[in-house]
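I have placed the structure first, in the form of structure tokens, so that the comments after it can refer back to it.
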């Protein structure tokens, strides 16, 4: 499908180009990678299959461009980011169309992702000027045994080349959440988008290109993970990796060497429901948290842990709401759309079959057509079922009945994941106690898990990640402290 208008330069025939040195290029490999439309299950787009040699050239350009960019005034960096944000919003329709066709994101949600991304870039520009515009001044005599003979000046300087690897489910938003902090902090960026979502990411990168960033500062390489995946993450030219995705991140962390890592690797986000909870509120949040974008969100509700005494009432309320969810193509803004791939659908079906064999109660009939899976609530799930522990990344939600708060906390903490969780109760003291006890990076009280607003800290523990995201944390993570010490010939005291 050919691009039109100002975006036409990024495509050659039916294959989208990759971006390097401020230009859109065809790969010398002569190969391409097909992107399958999850709804039609037919090829929708093609992108370049970049070679390792092309990655080497990108890294050289990124290193060179970063040296000049680090000398660019903060206000100028921010100015260009604001410009990119505005262009991103101008092209929201074209980018959203790609999201609909590449990852089956409902049309309205696709537009929202692009607009949200523009807002993130602008906020990052403003926050970066504040954070990076301030340093620290220390004097030596504040430590015992020292006279005031040393002045210490500290500042934050860029790391160098940042490798950004976003996931398929938010290929634009979770790309700019890495790109914008890196750029405002004075780094260069090499983006490796997911295959599903690569064209949307290329359109997004084109907006940064139109904003006028220096050549080589931003690169976007596409291709097969088997060819350039490890080559990128182990490349000696990379000074930091920001990765969002699955357990591939664990392998990356073992291979990447001594560089800073920012990792978000998924979760099994638990929803603990106490006896005094507002069940209407809980049911609404279970629907929003568990089934939005067909459950393909790291922060989706992945398991409901509800007190036995209110379980029947809650399950009935959720069943009523599940029945009202629309199912169909993303172009129709359906609530439930196809999952991203056939392999994903097969994995989800495997979890469902395991639960069926082991006696879970099906609140709806299991139904699947191609990659489209109808929303399913599974009651009376037990810990011996795979769905109790594994992340389905689909519209299937298990309910585990518990007899005590401690039982719910134990199940939550027994997971190898620790991204987010939530607790519903009218007792704020109990809520805080449970939040403290849950081994999760974030705990929401009386609301479903969520990433955002984008300036909030966002982090996982255990196998859910390394480090913390959010605009401020990402800017800080993509810098290092530089210290300059002025040595005085004799002690100097103010008004001395």
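The count begins at 1 with the first shown residue.
The backbone N, Cα and C atoms fix where each Cβ goes, and this holds for glycine too.
Summarising the annotation, Swiss-Prot assigns substrate binding site to 116, 169, 170, 297, 298, 299, 451. Every protein chain shown contributes to the tally, and the Cβ of residue 170 (substrate binding site) ends up with 26 other Cβ atoms within 10 Å. Residue 170 (substrate binding site) falls within neither a helix nor a strand when secondary structure is assigned with DSSP, and so counts as coil.
Annotation source Swiss-Prot lists site 'Transition state stabilizer' at 169, citing similarity to another entry. Every protein chain shown contributes to the tally, and the Cβ of residue 169 (substrate binding site) ends up with 24 other Cβ atoms within 10 Å.
For residue 195 (NADP(+) binding site), the same-chain residues lying six or more positions away in sequence with a CB closer than 8 A to its CB are 33, 35, 47, 168, 222, 224. Annotation source Swiss-Prot lists NADP(+) binding site at 192, 195, 230, 391.
Over all protein chains present, the Cβ of residue 247 (NAD(+) binding site) has 12 other Cβ atoms lying within 10 Å. Reduced to three states, the DSSP call for residue 247 (NAD(+) binding site) is coil. The feature NAD(+) binding site is assigned by Swiss-Prot to 245, 246, 247, 248, 249.
Following the DSSP three-state reduction, the secondary structure of residue 264 (active site, proton acceptor) is strand. Residues or ranges marked as active site, proton acceptor by Swiss-Prot: 264.
In sequence order, 167, 169, 244, 264, 266, 267, 419, 451 are the residues of the chain that are 6 or more apart from residue 298 (substrate binding site) and have a CB within less than 8 Å of its CB. The active site, nucleophile annotation in Swiss-Prot covers 298.
Calculated from their C-alpha atoms, the gap between residue 249 (NAD(+) binding site) and residue 299 (substrate binding site) amounts to 17 Å. Annotation for the recorded positions 230, 264, 391: lowest Cβ count within 10 Å of the residue's own Cβ, 230. Neighbour counts of Cβ atoms within 10 Å were compared across the binding-site residues 245, 246, 249; the minimum falls on 246. Each of the binding-site residues 248, 299 was scored by other CB atoms within 10 A of its CB, and the lowest score goes to 248.
According to DSSP, residue 230 (NADP(+) binding site) is assigned to a helical segment. Take the mean position of the Cβ atoms of 245, 246, 247, 248, 249, the recorded NAD(+) site; other residues of that chain with a Cβ within 8 Å of it are 243, 250, 251, 252, 265, 266. Counting only the Cα atoms, the space from residue 192 (NADP(+) binding site) to residue 245 (NAD(+) binding site) is about 12 angstrom.
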